């Protein structure tokens, strides 16, 4: 019995050995026959370090199939064949390949049909005897070399390598090993761990290892224990169930299959794995060939990989694998596929080569046991793992059309080849013919371009046909595509009037636009710079030369191509903006990457577009077909530049030598017709610290950024500038620049100061109208005048000062209002807008801040997840992991914390309306969406800090450090008393911070965490449905994870705040450590005690200190005195405007400073009142004139009034000294001077004064009574000699008897010395008539007027006129009456008061000083009148005197 059992076992073992022998049949002898078909190596002289084809003699016909297949039969000696190129239509492509004449074997059928004929033994053999046939199964030598002067591959050799469908895989090596064959992988061990020793980026993560699985994938983490079909990734129950990270080329349970002895490729079935590292520096032959083949396959197969150079390559091959669960005969039903991984440790590309697919599914997935048909086919795609994201390659994955993988793809022209980019996102590089849906993702690169156009966009999506038209639609513009191959078309982006993300769609033939994507349009001023200016000469007025450079490979790789350099300009004279061609700078020039522009070559140009003052340089190919043989040409644009270097001679001929002034004046006139926009702009912060903290309204200016662009060409002296993040309602933009001391720079002080802009760089919707085009309108309205008014003129020019002071003046910070700030950090801790600090460990999604004002809505929400376990187990605390926000009608922005192992490149994920956006390129640092601007600092590439600015002035900042986030919200003052949420109500009152959704205020104790949790925090939890007062969640939902996945209202965190109260007594070290790390910061101590994580504690303290300092900085009221204008033609020695600042002034040479030389800023925010007037600078000549006029003015305004006052004073003094009769009144006389003189001659009354007070005649009032109060009591009576009493004012020769000075005497008719009175006709009046009144007048009878004593009636007008005609003497002598016959005044010789010629006594009688009684009263003189004296010399004679001698005519009685 035992013998029988032994025989049975022996037979069984023998049978198994036979089966295994057939399964793993050796092909060494067969390979030796093929290799030895050439009896001796052919020695060919080749140049050093260069591979050449081996020229072999013509060979005899190939041996028969039976002889070749029989391992016992030796092949006949073959002559040396000759390699000749022949056109071979391959089943894997249409490329021309090389074959061997006379040795083309017949097609063999079996488990595997190679894509190309097996020609390995006929390729070149090196000195070591190795055959470099691409299909050779023996691995090359492992002698890596990096020495200079190594192997150089030729274009022919590269074409030969790339003509093969499959990459290298070897089952032998030159040292007797198994090559790449993984003999340890079999049914009982389906995977092997492989160390890569380099970083492999994959789906956001990065790995330095992998696991090679027999089941058709490379994995990086453990799969779930049980799989259910169809497979769904990511695993929704993660982390309860494992969610593997893998690359699945054919994810299905497999086993090693078998091959037939008749198969051409007799390499051992199974799994192969090969790694080639450090290819960038290798010079050995195999390393160079692997690098070049992989590089060009990827560059030409995937859009956007034009600069990719592989650093490491992994080749994994599954050869002749069968499905699991099948019968023995099913082992011959096999699939062969290959995965090629290439990475430079930043980008990763994968090539899937499907050679043969004969089965679809294994038995556990429902497939049959014989053919592997039916059931759920294999999974093809990628899974990031850890429950994050996955990509399933549709329509092939888990679908019956999966067998078409071997006939689709068309990457590099091969059916069955599919290429993907997998480092951050999965981007397909192969066409997809069978998929159909309403919206299909379009793969294109680059994903952004200059607004001016010319960007070549490579597009992959549907499978293309050269006979079918392809239309590309960029926003509102459409262009036709250019066919490249079945997998790619090219569209050249047209000129677009838009910015930000626009719709990008294509249609094939007559189909609708169902392939769609988002294309980012870069504004010309912020676009990727492709033409560089080595100096700033292009901005000058008249440069000698301008040097430009560019990357020649941005146009073409053809070194012999020529380029054309042209000049373009822009203007806005109509509603539609005009970007027009100006001139050709160089018609044809070698594409060398540099050129020198000589402006003197264009002096004589007379261009019709000379009104254009700024424009662009454009470089394109002279012959478009030089770009990859296609009739297209890329276009390179410069940044906007001024055009004085080209247009200056033309402007000078048109406007004269002062053409800059003319251009400036034209702009000023036009700008004055436009509306004033400055009132709409936010005010500039006073200091740089305030500007940096105002995250809601201001962002760094690209032109002057302290972190990325400190040159500040148009703001010299500035170290940093900020601009308003979003356009205001009218489209304007604010700019604020700060000097090295952190103070605001003003245009009132210098031309380099802050300048507001009429048009924002982002433009304004709609972008296709004048004054609304991004960048171009800003340059037309704001940048262009800066050059013509200031940069090309003097700073003190009239146009520049008009530009600085009137049209673009800086806005000072007198009324600036710092924003309110609130934040969340740690596990988590909150600081409200009013400064209340508390802790709330909610688990789920909550409202951080929201507006209760319906007109200005905004929402900021946060997601909190539980912290990972620590050494002691579960941590009863949470942390912030995501923030979502939205304005009134703006785009929804979400910022997420990336998984731990996915933070190697990007720290945070940013989603705009659910679509991931990235900020890893300069032109993408600032991205504008509908109503919101998102940017990352220019010095960061890892997206660890993201700032979101809404058009309402709201800002949200999210910062990540070591996996721990903080979120801060910045609000302008218009939201005071209009906020709610976990950040409280901003009212400057801490008592109402805990406002509930219903508007009530919860009265809570900050130390009672349980009460805060249950009575306040949990009330703000979000759900996916709208809740009154709370709202709905804004977060993007992926893979079925709704708000309930994150929320847990029953979560009970630790409610004890002090670590000393909740840490066990045996953990005193942790308590001491917390105090050591945190000091007195309770939030830091709490976080360390809860998590034992030093990083969390450190950044909790850092975030807390930061927000407290921010609130303290913004709480301080900054006092500013505002603008203090610089005098024209002068300067200020300091630009400070803070309290205590003392600013001194100086003038330029040739000018004089007048006014205050120094002003001081007071503590009340006002400049001190000038003591000497407004400060200004005058030219010396003007200053001299001013001084002279001031002196003359002083003379007239000071000395003359002073003299007048002196005269008046003397006059008043003399008036007081005069003696006058109090009873006397001057009779009423006509106003005529002549009449007055005649009347005075007819009057003969006693005057109360002897003479005038001065030579200046003063009008007297003759209706008054003057009293002299004489004689004086106690004084002697003195008799004065008689004098000439009355002279006319024209008698200038009359000399007083008391001196030599001429004296003007009053024109009065005096009484005679005897006291005899005359009537109104000059006749004596008898004083012995007591019954008659002397003062009686006939007119008094009618008027009833009673005149005082001594009043004499004036002459009638007729009498006065008659008397005027007599031409009487000024002395009123008697000669007048003798010579005038018409006069009624008769000379009376008996009159005591007259001489013989009718003269008047010089001095009156002494009776004039006394009051005269009425005529009816007899009076006796007090003393006898002296003898009258006569003076006949020096007095004018009457004109009609008839004296016999001249002495008689000129004499006057004295």
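Residue numbering: from 1, along the chain as shown.
Cβ atoms are placed via backbone N, Cα and C, with glycine included.
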Range annotated as transmembrane segment in Swiss-Prot, from 1166-1186, 1187-1207, 1208-1228: 1187-1207
1048, 1386 - residue that Swiss-Prot labels as N-linked glycosylation site: 1048
Integer Å distance between the CA atoms belonging to residue 386 (N-linked glycosylation site) and residue 208 (N-linked glycosylation site): 17
Protein Cβ atoms within 10 Å of residue 1066 (N-linked glycosylation site), excluding its own: 7
Residue 942 (N-linked glycosylation site) and residue 888 (N-linked glycosylation site), distance between Cα atoms, whole Å: 30
Cβ neighbours of residue 1147 (disulfide bond) where a neighbour is any other Cβ within 10 Å: 20
Between residue 1177 (disulfide bond) and residue 554 (N-linked glycosylation site): CA-CA distance (Å): 56
Other CB atoms within 10 A, centred on residue 554 (N-linked glycosylation site): 17
Residue 554 (N-linked glycosylation site) in three-state DSSP notation: helix
Residue 985 (N-linked glycosylation site) to residue 1048 (N-linked glycosylation site) - Cα separation in whole Å: 26
Rounded Cα-Cα span from residue 1147 (disulfide bond) to residue 1161 (disulfide bond), Å: 21
All-chain count of other Cβ atoms within 10 Å of residue 208 (N-linked glycosylation site): 11
Integer Å distance between the CA atoms belonging to residue 1048 (N-linked glycosylation site) and residue 1147 (disulfide bond): 73
